[in-house]
Amino acid sequence: MSDISKASLPKAIFLMGPTASGKTALAIELRKILPVELISVDSALIYKGMDIGTAKPNAEELLAAPHRLLDIRDPSQAYSAADFRRDALAEMADITAAGRIPLLVGGTMLYFKALLEGLSPLPSADPEVRARIEQQAAEQGWESLHRQLQEVDPVAAARIHPNDPQRLSRALEVFFISGKTLTELTQTSGDALPYQVHQFAIAPASRELLHQRIEQRFHQMLASGFEAEVRALFARGDLHTDLPSIRCVGYRQMWSYLEGEISYDEMVYLGVCATRQLAKRQITWLRGWEGVHWLDSEKPEQARDEVLQVVGAIAG
């Protein structure tokens, strides 16, 4: 697309970053100054009743800056990148029609990628094929299925861990249904985002600072009643660790503690480690992201001013 045709598109802002980097605080500050409306881009914040462990904006913050796409699913329900793209595009169109600018804030990089580049035309899930894969896994083990994936799609196999049955079964399912590999199909993007996007990433300047923030926030969550929150989910009886909601960092470790698999101290240690690993993956995504403007979360006023400098011209 030419620069001239891009300039005629409606404007949007992406505010991305690893967990515990101060994205929400900056987004709320920007809403006070710019004509923006916030859309959450977070695969954990979509779930109702999962507030403390996801660091969901509190009532006061939401009053100051309402976020769209929060609390839109029960923890028992799935929500895909395709679901997000559909919902986000609808919200963006609504915001643009009102003469304001969508500000998309969060850390689920797959959602940002799906929104920006479109989605590949992957086949829908087939219960019969999935059942056949699970039967084979029960008989031969997931390691065997991972070797099978290596033979047909070595690129996907290198990316998917043998202990990740959900992604492993999906990669094989796609191949069995379509005759094409997941790698082949995902190289064909769908429709690009029909917006002129200003992209920002916020993170502390050093990894040590981010690690400190993550540890502090995890302990803060525990002090705020995180265990009671997960106990309420645990007591429902219909939730389990195969669900994306319960696999969220922190929740999975607390769940293991409630099931008696690990001690409280192990839960805290593993929860912090899992959150650090998530942050590392998010930063890896962002380092390979084209056209992103980096902000230092340790200098919030400077970060705010840099955003205003880049996008200030679109606020009028």
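Quick reminder: no glycine exception, Cβ is built from N, Cα and C everywhere.
According to DSSP, G22 (ATP binding site) sits in a coil region rather than a helix or strand. Among the features that Swiss-Prot reports, ATP binding site is placed at G17, P18, T19, A20, S21, G22, K23, T24.
Sequence-distant contacts of T19 (ATP binding site), defined by Cβ-Cβ distance under 8 angstroms and a gap of at least six in the same chain, are A55, G107, I214, V249, T275, L278, A279, Q282. For T19, A20, S21, G22, K23, T24, the entry in Swiss-Prot reads substrate binding site, with the evidence type sequence analysis.
Marked as region 'Interaction with substrate tRNA' by Swiss-Prot: 42-45 (among others). Sorting the region 'Interaction with substrate tRNA' (42-45) by DSSP state (H, G, I as helix; E, B as strand; all else coil) yields 0 helix, 0 strand, 4 coil.
Mean model confidence of the region 'Interaction with substrate tRNA' (166-170) amounts to 90 (pLDDT, 0 to 100 scale). Annotation source Swiss-Prot lists region 'Interaction with substrate tRNA' at 166-170 (among others).
Long-range Cβ contacts of the region 'Interaction with substrate tRNA' (247-252) within its own chain (Cβ-Cβ under 8 Å, at least 6 residues beyond either end) map to 19, 43-44, 47, 50, 53-54, 218, 221, 226, 230, 233, 241, 271, 274-275, 277-278. For 247-252 (among others), the entry in Swiss-Prot reads region 'Interaction with substrate tRNA', with the evidence type sequence analysis.
Here Swiss-Prot flags 280-287 (among others) as region 'Interaction with substrate tRNA'. Remote same-chain partners of the region 'Interaction with substrate tRNA' (280-287), defined as residues 6 or more beyond its termini with a Cβ less than 8 Å from a stretch Cβ, comprise 16-19, 107, 109, 113, 201, 203.
Annotation note: T108 (site 'Interaction with substrate tRNA') sits in a coil segment as assigned by DSSP. What Swiss-Prot records for T108 (among others) is site 'Interaction with substrate tRNA', and it gives sequence analysis as the kind of evidence.
Sequence annotations record features per position, and here Swiss-Prot assigns site 'Interaction with substrate tRNA' to R130 (among others). Secondary structure at R130 (site 'Interaction with substrate tRNA'), taken from DSSP and collapsed to helix, strand or coil, is helix.
Beyond the ends of the region 'Interaction with substrate tRNA' (42-45), by six or more residues, the same chain brings 53-54, 56, 67, 69-71, 79, 84, 106-108, 110-111, 244-245, 248 to within a C-beta distance below 8 angstroms of the stretch. Across the structure, S21 (ATP binding site) and R130 (site 'Interaction with substrate tRNA') place their CA atoms 38 angstrom apart.
Counting residues per DSSP class in helix, strand and coil order gives 2 helix, 0 strand, 4 coil for the region 'Interaction with substrate tRNA' (247-252). Just so you know, of the recorded positions K23, R130, the Cβ with the fewest other Cβ atoms around it within 10 Å is the one at R130.
Straight-line distance linking the Cα atoms of A20 (ATP binding site) and R130 (site 'Interaction with substrate tRNA'), rounded to a whole number, equals 36 Å. Same-chain neighbours of the ATP site beyond G17, P18, T19, A20, S21, G22, K23, T24, judged by a C-beta within 8 angstroms of the site's C-beta center, are, in sequence order, G107, I202, A203, S297. Between the alpha carbons (Cα) of G17 (ATP binding site) and T108 (site 'Interaction with substrate tRNA') lies a span of roughly 9 Å.
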